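*Asks:* Take this structure, written in C-alpha cells, and hold onto it; I'll ask about it next.
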Amino acid sequence: MNSGGARAVATHGSPDAPAVGTPGGAERARKARRYARLRPGDRVAVVAPSGPAEPARLEAGCAVLRDLGLDVVVGKHALDRVNLGAAGPVRGDWHRLAGTDADRAADLQAAWCDPRVRAVVCARGGYGATRVLDRLDWDALRAATEASVASGGGPKILHGSSDITALHGAFGTRLRLTTSFGPMPAGVIADLDPAAPDASLEALRTALFGGAAPSPTLLPGTRTLRPGRAEGPLTGGTLSLLAAVLGTAYAPPPAAGRIVFLEDVTEAPYRIDRMLVQLLQAGWFDGAAGFALGSWKDCGDPAELDAVFAARLGPLGVPILAGVPAGHGPRQHTLELGAPAVLHAPAPPGHDPAHPHPAVPDTGALTLEAPPGGAR
C-alpha cells in the first residue's frame, strides 16, 4: 500500500526538507474548527460516558482542575454503577458502566448543550463510549456548537482519552471540531500537584488555556522507526477504539494527509498487529503523512512492538516516531486532535532507509500549531 502522496519527506531525503502534501487531505482537515481556549473562571462539566469513576480519585482530579482556576461541575451519573449487560443488583465481579447508556448520553448531551459550560471533560475511560453514540442528538449538539460560536465563545472543548477516542472521532466527523486527547480527572490528573512542576500538567494547561506560539516540542526518549518530516492535521487516538468505530458513521475522517497518533493499553502484540492490518486493509491509513506512536502500557516487549510497527507501517514510506509520551503511560501529553501538526523523526548517520527497524533512540519532535489568535 502506498502513501498516496501524503505530506511527508521520503526517508532518503533530509528530515528538514520542506514537506509536500496532498491537497485533498489537507483541505478536508482545514475544515475542522479549533476549539476555543479556556479562561480562569470558565465552567467545565465532568461527565462519565464510559466506566464509573472512583469517588476519591474523581474528587482529587476535580480539585486539580479547580486549582487551575476552573469552575467544575460533575455530571449527575458520573459515580453511578450498573452492570454491563443484565439489569439488577451490581455484581462486583462484572464489568460496570457509569449509569445506563441513556443516562450517560444524557449527561454528555446536557453538558455540551449548557451555554454556561465551556468544556466537557470525561472523568475516565474504560468501556462504554461507543454505546452512547447512537443515543446522542447530533442536531442538538451541532446547534449548541453554533450557538456557542455565535455568542463569541467559540467551539467548546471535548477532553478525554482511551475509550473517549470513540467520541473524538464522532465529534470530528459530525461536528467538524478539534478535540483534546489527554489525561482525565479520575486518572492521571488525580495524582498531579498543581504546585509542583510536571510535564503532563503543563501540557494540559497549555492545551486548555493556550499560550505563545510553540517552538518544536522535543521529546527525549523517542525512537525513530522511519526518519523524515511530516506536516498535517493530527488524528488517531487509542488503536482498539479506532478499529472499533471503523466502518461506522462515527469513525474519524480517513488519515490521508494527516499525522496519525496511535497508543493503547493491555493489548498483546498479536492483537495490535491484527488491528493495524484491519485499518490497512480498510484503507484508512492510505495517504497518511506520518505516524506518532505513543505509550503501549502493558502491551508486551517494546522491541517486539517496534518490529510490528516497522513491518506494518514502514511500507507506507512515511516518517514513524515511536515513544511519544502520550496515552496511558506515566507521562501524558495532551494533544489537540484535528489541529495542524509537524512531526520530525530524525535520521541518524548511516541509517539505511530500506531497513526502518531496529528503532534508533533519538530526540524527535511533535509540534502542534497554536490556535489562531491564541486564547479566547
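From the backbone N, Cα and C atoms, a Cβ is placed for every residue, glycine too.
Curation does not apply to TrEMBL; its annotations are automatic.
As annotated by TrEMBL, active site, nucleophile applies to SER162. The active site, charge relay system annotation in TrEMBL covers GLU263, HIS328. As annotated by TrEMBL, compositional bias 'Pro residues' applies to 346-359. According to TrEMBL, the domain 'LD-carboxypeptidase N-terminal' annotation covers 44-180. The domain 'LD-carboxypeptidase C-terminal' annotation in TrEMBL covers 231-342. The region 'Disordered' annotation in TrEMBL covers 1-31, 345-376.
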*Asks:* Give the sequence-ordered list of residues that share a chain with the residue listed as 'active site, nucleophile', lie 6 or more positions from it, and have CB atoms under 8 Å from its CB.
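*Replies:* Expected: SER50, ARG124, GLY125, GLY126, MET184, THR238, LEU241, VAL265, HIS328.
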*Asks:* Here are some active-site residues: GLU263, HIS328. Which one has the most Cβ atoms within 10 Å of its Cβ?
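*Replies:* Result of the Cβ crowding comparison: GLU263.
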*Asks:* For HIS328 (active site, charge relay system), what is the secondary structure by DSSP, using just helix, strand and coil?
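*Replies:* SS state of HIS328 (active site, charge relay system) = coil.
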*Asks:* Would you list the DSSP helix, strand and coil counts for the residues of the domain 'LD-carboxypeptidase N-terminal' (44-180)?
*Replies:* 59 helix, 25 strand, 53 coil
